[in-house]
């Protein structure tokens with residue numbers, strides 16, 4: 001992954017992870033990140049010169065051309081360089097070097113959504129336009145499309161005075177008063193050649209653009225959560241992935257440039273130890289400088305223990321549906337209509353086409369079962385050309401064009417999400433697919449037509465997407481992750497005309513439909529920015545708390561732990577409620593260091609994460625479950641014993657003076673929990689006053705299949721401050 005930096009007291013570590021094929025160069029050298037901690041306060045200290053001197057000393061080469069990849073010198077100290085293993089070992093032993101890590105590639109994790117969440121367009125929603133215009137969102141992604149209407153600066157004044165960034169977008173790239181900054185770490189220029197970065201940036205902060213659609217699908221006005229805010233784009237991703245050394249540079253610059261928050265829809269397939277996680281390190285230093293980092297949870301669900309971005313100083317976002325869905329109907333020759341999933345913009349103009357089941361068109365190289373799944377080289381091209389291919393799985397997507405089919409119908413493993421395909425296609429649920437197979441087997445000349453996709457509005461409440469990564473958190477087991485969920489299914493937003501809407505797709509579009517936690521992450525970044533416009537002096541933890549404690553309850557797909565708080569955390573984000581939460585749980589850098597000490601991290605590891613020399617025996621320590629976090633979670637050693645768990649928390653009044661909040665506990669999943677709140681009533685005389693309380697949870701014979709949970713709600717009659725309480729075992 002990558003790391004982040006901070007100025008003097010900010011990031012002090014450099015992180016490097018290994019990327020075997022991409023980062024490797026000639027001979028036995030590979031790219032390593034050399035982390036040197038916080039920047040020196042000496043007036044005569046020049047980081048780049050120091051880095052060059054170190055490389056010359058270690059390599060014995062007078063010229064280090066081709067060796068030094070990047071210097072980190074704005075928010076923290078370090079560099080990335082091409083080194084042999086023996087050179088890496090020598091660097092690691094040098095005075096001033098905190099740690100050395102191999103470079104690694106991470107992956108991108110890939111509207112009516114704002115209306116669905118209650119953040120209506122125009123005067124229908126209360127806004128603070130002056131502060132919103134001074135809010136800068138840093139987008140670390142695959143770049144941006146500067147010509148997009150979503151980033152037009154019509155009506156915008158000059159950038160905020162606090163902005164210290166630059167426009168280094170490369171050839172034929174121009175910033176403006178909306179897109180105020182651009183940096184490239186890929187040598188390709190900041191222009192988005194993929195579409196992902198343009199999509200995420202416009203979801204968070206894009207202008208309102210009327211009559212936007214994907215070939216007429218989803219037609220309407222698309223916009224971001226804070227359309228009056230400014231955008232700064234940091235390109236770290238190419239088609240091969242997102243290098244951790246580039247991520248680290250982007251964090252380094254974004255903090256120093258003056259962004260107010262960072263949205264990063266990038267991650268690994270599983271969680272990493274904090275000291276090996278560049279996003280965790282970067283976000284720590286951003287937090288210390290008052291910058292909130294919002295990160296996608298990952299797309300490896302519904303498998304348990306798949307969530308990434310699990311540090312408590314990161315706001316980790318799952319993905320869920322909205323009230324709109326896209327469906328593609330398949331009309332069979334017998335008149336029966338099957339309802340499938342896809343985003344199909346192709347018109348078959350009322351013409352029925354012959355159907356052929358892969359199993360019936362098996363090549364000599366494969367058996368009927370493999371051909372039924374349309375595996376590579378298993379379908380006879382001569383028997384498929386000009387027909388609609390029917391496949392028992394999504395494997396047909398890889399071969400459908402090469403075998404000359406005019407369309408595809410397949411059994412979908414993801415029944416809750418529609419994808420774009422480069423030809424007419426529809427994914428059917430098992431029941432409808434079996435109905436199709438019965439038709440094929442009972443008809444001499446089966447035919448069908450795949451209709452153009454249509455939007456339906458029949459969902460009443462959000463459901464967690466099947467692909468959204470699930471907990472529990474394996475790194476900090478007493479911190480519930482993900483934190484929150486937001487719209488991430490079938491999101492229409494701006495796109496790069498240089499990118500492909502789907503693999504092997506020759507079309508070029510300005511707006512497209514994508515699904516993933518990459519899409520939900522910028523929704524929450526937009527909400528965080530919206531909350532900050534009403535509370536500009538709030539710390540990252542206060543904004544995170546406001547978002548988590550005002551969330552809606554939701555449902556999750558799947559069974560077992562995949563359908564519980566491990567899927568959605570505190571619930572579904574509610575922008576309007578989050579702007580006025582009443583009470584918040586506050587945290588600062590010292591609290592997180594105490595938390596890390598409670599996890600028994602060594603001084604060396606603490607320096608990698610925080611950039612500071614910390615001795616836990618001399619610092620404040622807390623049990624990880626007693627971090628003043630907006631949710632409460634505890635992992636127990638077994639399910640068959642009686643247990644008592646306590647959580648210590650402190651609330652800060654950000655509502656009105658002379659407020660009294662009464663506690664209530666509502667049951668959740670799993671075994672019954674007995675929950676006692678002491679004291680059960682909190683009275684606040686002044687704004688910013690703090691009151692502490694203890695939650696004592698007792699029970700026995702915990703359900704070994706799902707976590708046992710409840711919800712603590714503090715209410716003054718106007719505000720409802722809700723925190724999930726989750727107790728689980730190690731038996732999953």
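Numbers run from 1 along the shown chain.
Each Cβ is built from the backbone N, Cα and C atoms, and glycine gets one as well.
Per TrEMBL, signal peptide is recorded for 1-24.
Look at TrEMBL and you will find 31-109 tagged as domain 'Inhibitor I9'.
What TrEMBL lists as domain 'Peptidase S8/S53' is 133-571.
The active site, charge relay system annotation in TrEMBL covers 141 (among others).
Per TrEMBL, active site, charge relay system is recorded for 196 (among others). Residue 196 (active site, charge relay system): 26 other CB atoms within 10 A of its CB, across all protein chains.
The annotation active site, charge relay system is assigned in TrEMBL to 518 (among others).
Secondary structure by DSSP for the domain 'Subtilisin-like protease fibronectin type-III' (626-727): 1 helix, 60 strand, 41 coil. According to TrEMBL, the domain 'Subtilisin-like protease fibronectin type-III' annotation covers 626-727.
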For this session: Fill in the CA-CA distance, residue 196 (active site, charge relay system) to residue 518 (active site, charge relay system), as an integer in Å.
Result: 8
For this session: In whole Å, note down how far the CA of residue 141 (active site, charge relay system) lies from the CA of residue 518 (active site, charge relay system).
Result: 10
Exercise. Hey, what's the Cβ neighbour count for residue 518 (active site, charge relay system) at 10 Å?
Worked result: 30
